[in-house]
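Here is what TrEMBL says about this protein:
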type	residues	note
DISULFID	32-41	disulfide bond
DISULFID	84-93	disulfide bond
DISULFID	124-133	disulfide bond
DISULFID	166-175	disulfide bond
DOMAIN	1-42	domain 'EGF-like'
DOMAIN	54-94	domain 'EGF-like'
DOMAIN	96-134	domain 'EGF-like'
DOMAIN	136-176	domain 'EGF-like'
TRANSMEM	508-530	transmembrane segment
(Lines of atoms letter the chains of each structure in order from A and count residues from 1; the text may use other names and numbers.)
(Lines give C-alpha, C1' and ligand atoms only; values in the text may rest on other atoms or scores of the structure.)
Protein backbone atom coordinates (compact mmCIF):
# COMPACT_ATOMS: atom_id res chain seq x y z
CA UNK A 1 0.00 0.00 0.00
CA UNK A 2 1.31 3.43 -0.90
CA UNK A 3 0.70 5.36 2.30
CA UNK A 4 2.02 8.53 0.80
CA UNK A 5 -0.49 8.41 -2.09
CA UNK A 6 -3.43 7.59 0.14
CA UNK A 7 -2.51 10.39 2.51
CA UNK A 8 -2.34 12.81 -0.36
CA UNK A 9 -5.74 11.62 -1.62
CA UNK A 10 -7.24 12.03 1.80
CA UNK A 11 -5.48 15.41 2.25
CA UNK A 12 -3.64 14.07 5.23
CA UNK A 13 -0.09 15.20 6.05
CA UNK A 14 2.18 12.36 7.02
CA UNK A 15 5.39 14.46 6.97
CA UNK A 16 5.25 17.78 8.82
CA UNK A 17 7.28 20.90 8.36
CA UNK A 18 7.40 20.51 4.61
CA UNK A 19 8.96 17.03 4.86
CA UNK A 20 8.76 14.86 1.68
CA UNK A 21 6.94 11.48 1.95
CA UNK A 22 8.66 8.52 0.27
CA UNK A 23 6.78 5.16 0.03
CA UNK A 24 8.71 2.08 1.16
CA UNK A 25 7.85 -1.63 1.32
CA UNK A 26 5.25 -1.93 4.00
CA UNK A 27 5.73 1.65 5.18
CA UNK A 28 6.87 5.19 4.21
CA UNK A 29 9.70 7.52 5.06
CA UNK A 30 9.78 11.29 5.56
CA UNK A 31 12.72 13.19 4.09
CA UNK A 32 12.97 16.28 6.37
CA UNK A 33 14.10 19.71 5.24
CA UNK A 34 17.11 21.38 6.82
CA UNK A 35 16.54 22.21 10.47
CA UNK A 36 13.85 19.57 11.15
CA UNK A 37 14.05 15.97 12.15
CA UNK A 38 12.01 13.04 13.55
CA UNK A 39 10.04 10.21 11.84
CA UNK A 40 7.46 12.68 10.59
CA UNK A 41 9.82 15.73 10.62
CA UNK A 42 7.81 17.22 13.44
CA UNK A 43 10.86 18.31 15.41
CA UNK A 44 11.90 21.92 14.60
CA UNK A 45 14.21 23.41 17.26
CA UNK A 46 13.77 27.17 17.94
CA UNK A 47 16.71 28.70 16.12
CA UNK A 48 16.12 32.06 17.93
CA UNK A 49 17.28 30.36 21.09
CA UNK A 50 20.09 28.16 19.94
CA UNK A 51 22.01 30.18 17.37
CA UNK A 52 24.42 31.54 20.01
CA UNK A 53 26.04 34.41 18.07
CA UNK A 54 28.86 36.55 19.48
CA UNK A 55 28.48 40.25 18.57
CA UNK A 56 30.76 43.01 19.89
CA UNK A 57 32.31 40.46 22.25
CA UNK A 58 28.99 39.44 23.81
CA UNK A 59 27.20 36.07 23.32
CA UNK A 60 23.59 36.36 22.22
CA UNK A 61 21.09 33.55 21.46
CA UNK A 62 20.58 35.24 18.07
CA UNK A 63 21.92 38.24 16.22
CA UNK A 64 18.59 40.06 16.09
CA UNK A 65 18.79 41.36 19.62
CA UNK A 66 22.52 41.96 19.72
CA UNK A 67 22.11 45.70 19.00
CA UNK A 68 18.42 46.26 18.48
CA UNK A 69 16.93 45.52 21.86
CA UNK A 70 13.44 45.95 20.48
CA UNK A 71 13.89 43.55 17.54
CA UNK A 72 11.73 40.41 17.20
CA UNK A 73 13.21 37.05 16.23
CA UNK A 74 11.06 34.64 14.18
CA UNK A 75 12.09 30.99 14.07
CA UNK A 76 12.49 29.37 10.70
CA UNK A 77 13.68 26.01 9.46
CA UNK A 78 17.33 25.83 10.31
CA UNK A 79 17.44 29.58 10.52
CA UNK A 80 15.64 32.64 11.92
CA UNK A 81 14.36 35.99 10.73
CA UNK A 82 14.75 39.41 12.37
CA UNK A 83 12.02 42.07 12.55
CA UNK A 84 13.86 45.33 13.35
CA UNK A 85 12.69 48.42 15.19
CA UNK A 86 12.74 51.68 13.15
CA UNK A 87 16.19 52.60 14.46
CA UNK A 88 17.94 49.54 13.00
CA UNK A 89 18.07 47.73 9.67
CA UNK A 90 19.81 44.88 7.92
CA UNK A 91 19.11 41.09 7.90
CA UNK A 92 20.01 40.81 11.57
CA UNK A 93 19.27 44.41 12.71
CA UNK A 94 22.95 45.15 13.07
CA UNK A 95 23.03 48.29 10.88
CA UNK A 96 22.10 51.64 12.40
CA UNK A 97 19.51 53.77 10.65
CA UNK A 98 20.74 57.40 10.17
CA UNK A 99 17.66 59.34 11.21
CA UNK A 100 19.48 62.62 10.50
CA UNK A 101 19.36 61.84 6.77
CA UNK A 102 15.56 61.72 6.70
CA UNK A 103 13.68 64.28 4.66
CA UNK A 104 12.45 66.26 6.48
CA UNK A 105 15.01 65.85 9.27
CA UNK A 106 13.66 65.01 12.69
CA UNK A 107 15.05 68.14 14.40
CA UNK A 108 12.78 71.15 13.96
CA UNK A 109 13.43 74.91 14.23
CA UNK A 110 16.98 74.70 12.85
CA UNK A 111 18.09 72.21 15.48
CA UNK A 112 21.25 70.21 14.76
CA UNK A 113 20.77 66.46 14.37
CA UNK A 114 23.46 64.14 15.76
CA UNK A 115 23.11 60.47 14.81
CA UNK A 116 23.75 57.85 17.50
CA UNK A 117 23.57 54.01 17.44
CA UNK A 118 19.89 53.17 17.48
CA UNK A 119 18.90 56.77 18.10
CA UNK A 120 19.64 60.48 17.42
CA UNK A 121 19.94 63.65 19.40
CA UNK A 122 18.78 67.17 18.58
CA UNK A 123 20.86 70.11 19.71
CA UNK A 124 18.41 72.99 19.83
CA UNK A 125 19.19 76.62 19.07
CA UNK A 126 18.65 79.22 21.76
CA UNK A 127 14.97 79.78 22.47
CA UNK A 128 13.72 76.29 21.47
CA UNK A 129 13.50 73.00 23.33
CA UNK A 130 11.88 69.53 23.22
CA UNK A 131 13.14 66.15 21.97
CA UNK A 132 12.94 67.42 18.41
CA UNK A 133 13.32 71.14 19.25
CA UNK A 134 9.68 71.47 18.34
CA UNK A 135 8.79 73.97 21.05
CA UNK A 136 9.42 77.68 20.33
CA UNK A 137 7.70 80.02 22.80
CA UNK A 138 6.20 83.18 21.27
CA UNK A 139 8.66 85.98 22.05
CA UNK A 140 6.24 88.63 20.84
CA UNK A 141 3.97 88.18 23.85
CA UNK A 142 4.05 91.44 25.80
CA UNK A 143 6.24 93.24 23.24
CA UNK A 144 5.15 96.81 22.35
CA UNK A 145 8.42 98.39 21.19
CA UNK A 146 7.76 97.66 17.52
CA UNK A 147 4.84 100.02 17.12
CA UNK A 148 5.70 102.71 19.62
CA UNK A 149 6.66 104.95 16.67
CA UNK A 150 5.31 103.11 13.63
CA UNK A 151 1.65 102.25 14.20
CA UNK A 152 1.71 99.99 11.13
CA UNK A 153 4.56 97.83 12.41
CA UNK A 154 4.00 94.37 13.85
CA UNK A 155 6.05 91.87 15.81
CA UNK A 156 7.25 88.63 14.22
CA UNK A 157 8.28 85.81 16.55
CA UNK A 158 11.80 84.47 16.22
CA UNK A 159 14.02 82.16 18.21
CA UNK A 160 14.56 83.69 21.64
CA UNK A 161 13.99 87.05 20.01
CA UNK A 162 11.54 88.94 17.89
CA UNK A 163 11.69 90.99 14.70
CA UNK A 164 9.84 94.20 14.03
CA UNK A 165 8.32 94.24 10.57
CA UNK A 166 7.98 97.92 9.69
CA UNK A 167 5.45 99.77 7.63
CA UNK A 168 6.58 101.54 4.44
CA UNK A 169 7.39 104.84 6.21
CA UNK A 170 9.80 103.53 8.86
CA UNK A 171 12.87 101.35 9.19
CA UNK A 172 15.52 100.09 11.65
CA UNK A 173 15.31 97.41 14.34
CA UNK A 174 12.38 98.88 16.23
CA UNK A 175 10.80 100.79 13.33
CA UNK A 176 11.70 104.09 14.99
CA UNK A 177 13.50 105.88 12.14
CA UNK A 178 11.68 107.52 9.26
CA UNK A 179 12.71 106.28 5.84
CA UNK A 180 13.32 109.81 4.57
CA UNK A 181 15.92 110.39 7.32
CA UNK A 182 17.48 107.00 6.65
CA UNK A 183 17.80 107.79 2.94
CA UNK A 184 19.39 111.16 3.71
CA UNK A 185 21.92 109.46 6.00
CA UNK A 186 22.77 107.05 3.22
CA UNK A 187 23.39 109.92 0.84
CA UNK A 188 25.49 111.75 3.41
CA UNK A 189 27.53 108.74 4.41
CA UNK A 190 28.32 107.56 0.91
CA UNK A 191 28.19 104.10 -0.59
CA UNK A 192 30.77 102.70 1.83
CA UNK A 193 28.84 103.73 4.94
CA UNK A 194 27.68 101.11 7.41
CA UNK A 195 24.00 101.85 8.20
CA UNK A 196 24.49 100.87 11.83
CA UNK A 197 27.38 103.33 12.16
CA UNK A 198 25.27 106.08 10.63
CA UNK A 199 22.39 105.36 12.99
CA UNK A 200 24.72 105.34 15.98
CA UNK A 201 26.03 108.70 14.83
CA UNK A 202 22.48 110.00 14.46
CA UNK A 203 21.58 108.93 17.98
CA UNK A 204 24.70 110.66 19.32
CA UNK A 205 23.63 113.73 17.41
CA UNK A 206 20.15 113.64 18.93
CA UNK A 207 21.69 113.48 22.40
CA UNK A 208 24.22 116.22 21.61
CA UNK A 209 22.89 118.51 18.84
CA UNK A 210 25.96 120.77 19.03
CA UNK A 211 27.94 117.91 17.48
CA UNK A 212 26.32 118.84 14.15
CA UNK A 213 28.86 121.61 13.55
CA UNK A 214 31.61 118.96 13.61
CA UNK A 215 29.77 116.68 11.17
CA UNK A 216 28.65 119.17 8.53
CA UNK A 217 32.16 119.89 7.16
CA UNK A 218 32.59 116.19 6.37
CA UNK A 219 29.46 116.42 4.21
CA UNK A 220 30.11 119.83 2.66
CA UNK A 221 33.72 118.92 1.93
CA UNK A 222 32.60 116.22 -0.50
CA UNK A 223 30.79 118.76 -2.65
CA UNK A 224 32.36 120.54 -5.60
CA UNK A 225 33.53 124.11 -5.22
CA UNK A 226 30.63 125.24 -7.40
CA UNK A 227 28.05 123.55 -5.19
CA UNK A 228 29.66 124.79 -1.99
CA UNK A 229 29.65 128.35 -3.31
CA UNK A 230 25.97 128.14 -4.23
CA UNK A 231 25.10 127.01 -0.69
CA UNK A 232 26.40 130.24 0.86
CA UNK A 233 25.74 133.95 0.42
CA UNK A 234 26.83 136.19 -2.42
CA UNK A 235 28.22 139.69 -1.94
CA UNK A 236 24.83 141.25 -2.74
CA UNK A 237 23.20 139.09 -0.07
CA UNK A 238 25.87 140.00 2.44
CA UNK A 239 26.82 143.67 2.06
CA UNK A 240 24.60 146.72 2.32
CA UNK A 241 27.56 148.95 1.42
CA UNK A 242 31.33 149.03 1.70
CA UNK A 243 33.79 151.95 1.67
CA UNK A 244 37.51 152.55 2.01
CA UNK A 245 38.69 155.90 3.36
CA UNK A 246 35.13 157.16 2.91
CA UNK A 247 35.01 156.19 -0.79
CA UNK A 248 32.49 153.59 -1.93
CA UNK A 249 33.84 150.31 -3.22
CA UNK A 250 32.66 148.16 -6.10
CA UNK A 251 31.77 144.79 -4.54
CA UNK A 252 32.31 142.99 -7.84
CA UNK A 253 35.82 144.39 -8.35
CA UNK A 254 37.25 145.32 -4.96
CA UNK A 255 36.20 142.23 -3.02
CA UNK A 256 37.29 138.66 -3.78
CA UNK A 257 34.85 135.88 -2.93
CA UNK A 258 36.33 132.50 -2.03
CA UNK A 259 35.01 129.44 -0.23
CA UNK A 260 36.19 127.56 2.84
CA UNK A 261 34.60 124.24 3.81
CA UNK A 262 34.10 125.33 7.41
CA UNK A 263 33.55 129.09 7.00
CA UNK A 264 31.49 129.05 3.80
CA UNK A 265 31.79 131.96 1.36
CA UNK A 266 34.33 134.54 2.50
CA UNK A 267 34.84 138.06 1.15
CA UNK A 268 38.35 139.53 1.28
CA UNK A 269 39.36 143.15 0.69
CA UNK A 270 42.89 143.62 -0.71
CA UNK A 271 43.11 139.93 -1.61
CA UNK A 272 46.47 138.77 -2.98
CA UNK A 273 44.73 137.45 -6.13
CA UNK A 274 43.32 140.91 -6.88
CA UNK A 275 46.55 142.78 -7.54
CA UNK A 276 44.87 145.26 -9.91
CA UNK A 277 42.67 146.59 -7.10
CA UNK A 278 45.17 146.92 -4.25
CA UNK A 279 44.61 149.77 -1.77
CA UNK A 280 47.24 151.28 0.51
CA UNK A 281 46.66 152.92 3.86
CA UNK A 282 46.81 156.71 3.50
CA UNK A 283 44.71 158.06 6.35
CA UNK A 284 44.57 157.17 10.01
CA UNK A 285 41.84 157.66 12.55
CA UNK A 286 38.11 157.52 11.97
CA UNK A 287 38.36 158.99 8.46
CA UNK A 288 40.56 156.17 7.21
CA UNK A 289 40.34 152.43 7.02
CA UNK A 290 37.63 150.08 5.82
CA UNK A 291 33.94 150.38 6.65
CA UNK A 292 31.15 147.98 5.76
CA UNK A 293 27.52 147.44 6.62
CA UNK A 294 26.66 143.75 6.46
CA UNK A 295 23.43 141.83 6.78
CA UNK A 296 23.37 139.03 9.33
CA UNK A 297 20.25 137.29 8.00
CA UNK A 298 19.88 135.73 11.44
CA UNK A 299 16.85 133.56 10.52
CA UNK A 300 19.07 131.74 8.03
CA UNK A 301 21.66 130.76 10.64
CA UNK A 302 21.81 127.03 11.29
CA UNK A 303 20.42 125.99 14.71
CA UNK A 304 23.75 124.87 16.12
CA UNK A 305 25.39 128.27 15.60
CA UNK A 306 26.68 129.39 18.98
CA UNK A 307 26.84 133.12 18.20
CA UNK A 308 24.89 135.04 15.58
CA UNK A 309 27.60 137.33 14.30
CA UNK A 310 29.74 138.18 11.30
CA UNK A 311 33.19 136.65 11.66
CA UNK A 312 35.91 139.17 10.81
CA UNK A 313 39.56 138.26 10.25
CA UNK A 314 42.42 140.78 10.24
CA UNK A 315 45.48 139.42 8.45
CA UNK A 316 48.28 140.38 6.02
CA UNK A 317 46.85 140.40 2.52
CA UNK A 318 49.46 137.91 1.22
CA UNK A 319 48.43 135.23 3.71
CA UNK A 320 45.51 132.80 3.78
CA UNK A 321 43.33 132.57 6.88
CA UNK A 322 42.09 129.36 8.47
CA UNK A 323 38.89 128.52 10.28
CA UNK A 324 40.90 128.58 13.53
CA UNK A 325 42.59 131.93 12.82
CA UNK A 326 42.05 134.77 15.33
CA UNK A 327 38.82 136.56 14.56
CA UNK A 328 36.34 139.13 15.84
CA UNK A 329 32.58 138.64 16.00
CA UNK A 330 30.62 141.62 14.73
CA UNK A 331 27.26 141.47 16.48
CA UNK A 332 23.94 142.53 15.00
CA UNK A 333 22.54 146.00 15.79
CA UNK A 334 26.00 147.32 16.70
CA UNK A 335 29.03 149.18 15.38
CA UNK A 336 32.19 147.12 15.80
CA UNK A 337 35.37 149.18 15.60
CA UNK A 338 38.65 147.32 15.20
CA UNK A 339 41.87 149.28 15.61
CA UNK A 340 44.95 147.63 14.20
CA UNK A 341 48.68 148.07 14.50
CA UNK A 342 51.04 146.32 12.11
CA UNK A 343 54.32 144.75 13.17
CA UNK A 344 56.80 143.37 10.68
CA UNK A 345 59.41 140.75 11.44
CA UNK A 346 62.61 140.07 9.50
CA UNK A 347 64.60 137.02 10.56
CA UNK A 348 68.08 135.87 9.66
CA UNK A 349 68.41 132.54 7.95
CA UNK A 350 71.40 130.52 6.90
CA UNK A 351 74.08 130.15 9.57
CA UNK A 352 72.15 132.38 11.99
CA UNK A 353 69.05 130.21 12.21
CA UNK A 354 66.39 128.40 10.21
CA UNK A 355 63.59 130.28 8.50
CA UNK A 356 61.62 129.89 5.27
CA UNK A 357 61.44 132.35 2.39
CA UNK A 358 59.10 130.26 0.18
CA UNK A 359 56.58 127.47 0.72
CA UNK A 360 58.60 125.38 -1.75
CA UNK A 361 61.21 124.98 0.97
CA UNK A 362 59.00 122.67 3.10
CA UNK A 363 57.89 119.10 2.36
CA UNK A 364 54.16 119.85 1.99
CA UNK A 365 52.16 123.04 1.66
CA UNK A 366 48.56 122.99 0.38
CA UNK A 367 47.47 126.61 0.95
CA UNK A 368 47.41 129.61 -1.35
CA UNK A 369 49.24 132.80 -0.54
CA UNK A 370 52.61 133.25 1.11
CA UNK A 371 54.18 130.77 3.48
CA UNK A 372 52.96 130.66 7.07
CA UNK A 373 53.89 128.30 9.86
CA UNK A 374 50.21 127.48 10.46
CA UNK A 375 49.74 126.50 6.82
CA UNK A 376 52.77 124.23 7.00
CA UNK A 377 51.53 122.55 10.20
CA UNK A 378 48.09 121.92 8.72
CA UNK A 379 49.69 120.43 5.62
CA UNK A 380 51.70 118.08 7.87
CA UNK A 381 48.45 117.14 9.54
CA UNK A 382 46.87 116.32 6.18
CA UNK A 383 49.79 114.04 5.32
CA UNK A 384 49.30 112.12 8.58
CA UNK A 385 45.57 111.75 7.91
CA UNK A 386 46.37 110.38 4.45
CA UNK A 387 48.71 107.75 5.93
CA UNK A 388 46.19 106.58 8.53
CA UNK A 389 42.84 106.93 6.73
CA UNK A 390 43.79 106.77 3.02
CA UNK A 391 42.06 110.11 2.50
CA UNK A 392 42.50 113.71 3.64
CA UNK A 393 40.49 115.80 6.08
CA UNK A 394 37.79 117.46 4.01
CA UNK A 395 37.81 120.53 6.29
CA UNK A 396 41.20 121.71 5.03
CA UNK A 397 42.77 122.29 1.59
CA UNK A 398 44.35 119.36 -0.19
CA UNK A 399 45.80 118.56 -3.63
CA UNK A 400 43.17 118.11 -6.35
CA UNK A 401 44.10 114.45 -6.84
CA UNK A 402 43.48 113.53 -3.20
CA UNK A 403 40.25 111.98 -1.91
CA UNK A 404 38.41 113.81 0.89
CA UNK A 405 37.43 111.69 3.89
CA UNK A 406 33.75 110.77 3.99
CA UNK A 407 31.65 110.91 7.14
CA UNK A 408 32.18 107.22 8.10
CA UNK A 409 35.92 107.93 8.42
CA UNK A 410 35.37 110.77 10.87
CA UNK A 411 36.59 108.64 13.79
CA UNK A 412 39.81 107.89 11.95
CA UNK A 413 40.35 111.59 11.25
CA UNK A 414 39.61 112.50 14.85
CA UNK A 415 42.15 109.94 16.05
CA UNK A 416 44.84 111.90 14.20
CA UNK A 417 43.66 115.20 15.69
CA UNK A 418 43.82 113.58 19.13
CA UNK A 419 47.58 113.14 18.75
CA UNK A 420 47.98 116.75 19.83
CA UNK A 421 50.32 119.53 18.75
CA UNK A 422 51.40 118.93 15.14
CA UNK A 423 54.66 120.78 15.69
CA UNK A 424 55.82 117.95 17.98
CA UNK A 425 55.21 115.17 15.43
CA UNK A 426 58.19 113.38 13.96
CA UNK A 427 58.90 114.37 10.37
CA UNK A 428 57.00 117.67 10.58
CA UNK A 429 59.39 120.60 10.29
CA UNK A 430 57.76 124.02 9.96
CA UNK A 431 60.17 126.92 10.62
CA UNK A 432 59.05 130.52 11.00
CA UNK A 433 58.92 132.63 7.81
CA UNK A 434 61.96 134.82 7.19
CA UNK A 435 59.66 137.79 6.66
CA UNK A 436 56.09 138.22 7.84
CA UNK A 437 53.68 140.68 9.35
CA UNK A 438 51.05 140.49 12.02
CA UNK A 439 48.36 142.82 13.28
CA UNK A 440 47.81 143.59 16.93
CA UNK A 441 44.16 144.52 17.23
CA UNK A 442 41.71 145.88 19.74
CA UNK A 443 38.01 146.33 19.27
CA UNK A 444 35.02 148.09 20.74
CA UNK A 445 31.31 147.50 20.26
CA UNK A 446 28.71 150.27 20.33
CA UNK A 447 25.07 149.11 20.07
CA UNK A 448 22.78 150.97 17.72
CA UNK A 449 20.20 153.33 19.20
CA UNK A 450 17.20 151.18 20.05
CA UNK A 451 14.77 154.10 20.31
CA UNK A 452 15.49 156.45 17.40
CA UNK A 453 14.42 160.05 17.78
CA UNK A 454 12.19 159.82 14.75
CA UNK A 455 9.90 157.57 16.78
CA UNK A 456 9.16 160.58 19.03
CA UNK A 457 7.47 162.43 16.19
CA UNK A 458 3.84 163.12 17.00
CA UNK A 459 2.36 161.14 14.15
CA UNK A 460 4.54 158.12 15.00
CA UNK A 461 3.98 158.17 18.74
CA UNK A 462 0.46 156.98 18.04
CA UNK A 463 1.98 153.59 17.21
CA UNK A 464 5.38 153.90 18.85
CA UNK A 465 5.80 150.15 19.44
CA UNK A 466 5.51 149.51 15.70
CA UNK A 467 8.09 152.23 15.06
CA UNK A 468 10.48 150.57 17.50
CA UNK A 469 9.81 147.18 15.95
CA UNK A 470 10.62 148.38 12.44
CA UNK A 471 13.96 149.71 13.60
CA UNK A 472 14.68 146.64 15.71
CA UNK A 473 14.19 144.46 12.65
CA UNK A 474 17.18 146.03 10.92
CA UNK A 475 19.29 142.89 11.21
CA UNK A 476 22.69 144.25 10.22
CA UNK A 477 26.03 145.30 11.66
CA UNK A 478 28.58 147.97 10.81
CA UNK A 479 32.27 147.10 10.89
CA UNK A 480 34.99 149.76 10.91
CA UNK A 481 38.64 148.75 10.67
CA UNK A 482 41.04 151.64 11.22
CA UNK A 483 44.64 152.53 12.06
CA UNK A 484 45.04 154.94 15.01
CA UNK A 485 48.49 156.03 13.80
CA UNK A 486 50.32 155.64 10.52
CA UNK A 487 53.13 153.68 12.11
CA UNK A 488 54.61 150.23 11.52
CA UNK A 489 56.94 148.58 14.01
CA UNK A 490 59.75 146.65 12.33
CA UNK A 491 61.68 144.03 14.24
CA UNK A 492 64.74 142.97 12.31
CA UNK A 493 67.35 140.47 13.34
CA UNK A 494 70.93 141.51 12.69
CA UNK A 495 74.18 139.58 13.16
CA UNK A 496 75.74 140.23 16.56
CA UNK A 497 79.24 140.36 14.89
CA UNK A 498 80.19 140.56 11.22
CA UNK A 499 83.20 141.65 9.13
CA UNK A 500 82.08 145.24 8.69
CA UNK A 501 81.40 145.62 12.36
CA UNK A 502 84.78 144.06 13.11
CA UNK A 503 86.52 146.64 10.87
CA UNK A 504 84.56 149.45 12.45
CA UNK A 505 85.44 148.27 15.92
CA UNK A 506 89.14 147.82 15.09
CA UNK A 507 89.21 151.24 13.46
CA UNK A 508 87.59 152.83 16.46
CA UNK A 509 89.93 151.20 18.92
CA UNK A 510 92.93 152.07 16.76
CA UNK A 511 91.85 155.67 16.63
CA UNK A 512 91.52 155.80 20.38
CA UNK A 513 94.96 154.24 20.86
CA UNK A 514 96.56 156.56 18.30
CA UNK A 515 94.89 159.54 19.87
CA UNK A 516 96.18 158.60 23.28
CA UNK A 517 99.69 158.12 21.89
CA UNK A 518 99.65 161.53 20.16
CA UNK A 519 98.54 163.26 23.35
CA UNK A 520 101.37 161.56 25.26
CA UNK A 521 103.94 162.75 22.72
CA UNK A 522 102.88 166.41 22.99
CA UNK A 523 102.86 166.21 26.75
CA UNK A 524 106.45 164.88 26.69
CA UNK A 525 107.65 167.71 24.38
CA UNK A 526 105.93 170.34 26.52
CA UNK A 527 107.42 168.94 29.70
CA UNK A 528 110.99 168.47 28.41
CA UNK A 529 111.41 171.69 26.43
CA UNK A 530 109.28 174.11 28.45
CA UNK A 531 108.11 173.04 31.87
CA UNK A 532 111.35 171.30 32.96
CA UNK A 533 113.72 174.19 31.97
CA UNK A 534 111.45 176.74 33.62
CA UNK A 535 111.45 174.71 36.81
CA UNK A 536 115.27 174.65 36.86
CA UNK A 537 115.51 178.42 36.32
CA UNK A 538 113.07 179.28 39.09
CA UNK A 539 114.74 176.88 41.52
CA UNK A 540 118.14 178.65 41.06
CA UNK A 541 116.75 181.84 42.44
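Each Cβ is built from the backbone N, Cα and C atoms, and glycine gets one as well.
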Sort the residues of the domain 'EGF-like' (54-94) into helix, strand and coil with DSSP and give the three counts.
4 helix, 15 strand, 22 coil
Taking DSSP as the reference, which of helix, strand or coil describes residue 133 (disulfide bond)?
coil
Taking only the CA atoms, the spacing between residue 166 (disulfide bond) and residue 41 (disulfide bond), expressed in whole angstrom, is 82
Close disulfide-bonded residues near residue 133 (disulfide bond), where close means Cα within 10 Å, chosen from 32, 41, 84, 93, 175:
none
Taking only the CA atoms, the spacing between residue 84 (disulfide bond) and residue 124 (disulfide bond), expressed in whole angstrom, is 29
Per-residue pLDDT averaged over the domain 'EGF-like' (54-94), given as an integer:
89
Measuring Cα to Cα, how many Å separate residue 41 (disulfide bond) from residue 175 (disulfide bond)?
85
Neighbouring C-beta atoms (10 Å sphere around the C-beta of residue 84 (disulfide bond)):
20
